[in-house]
Amino acid sequence: MPKIVKKEPKFVEQSGKKVTKSDEQWREQLSDEEFRVCREQGTEPPFSGKLLHNKETGVYACTCCNAPLFISDNKYDSGCGWPSFDAPLNNEAIRYLEDLSHGMVRTEIRCASCDSHLGHVFEDGPKTTGERYCVNSVSLIFNKSDE
């Protein structure tokens with residue numbers, strides 16, 4: 001069983017900008033699957049996400065509000081079935097919450113700007129940080145670098 005990252009639950013507004021919309025507004029903006037995962041804390045099936053095997057250079061941003069969350073330099077293949085990163089873009093990008101669902105104790109990660117569910121963070125990552133940010137592909141959009 002993966003070790004759980006014990007981070008102090010926090011809410012940090014990214015660049016002082018917080019995105020707030022009603023469920024109705026989110027439903028108009030997002031696909032059914034995006035809404036289920038991002039707004040209702042769902043999970044996409046493992047090995048099904050379009051960004052799982054993406055190896056291009058760029059920034060992974062929030063599907064809901066386009067806030068930058070992760071960079072390609074921090075992405076790695078953990079074998080878990082979801083895109084994995086060893087660190088977020090910065091400490092202000094992510095909100096951490098205790099998740100007691102499904103009979104487990106985990107640390108949920110959300111976008112700090114719009115509170116979108118991203119996935120979970122575990123302490124079984126690579127030696128660089130020891131952390132694995134396990135993220136649903138549907139929670140992310142990829143912005144390719146011009147390089």
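Think of each number as a place in line: the chain as shown, counted from 1.
Placement of Cβ uses the backbone N, Cα and C atoms for every residue, glycine included.
Range with Swiss-Prot annotation region 'Disordered', chosen from 1-25, 26-50, is 1-25.
When the alpha carbons of Cys134 (active site, nucleophile) and Cys62 (Zn(2+) binding site) are compared, the span between them is 14 angstrom. Taken residue by residue, the domain 'MsrB' (23-145) breaks down under DSSP into 23 helix, 40 strand, 60 coil.
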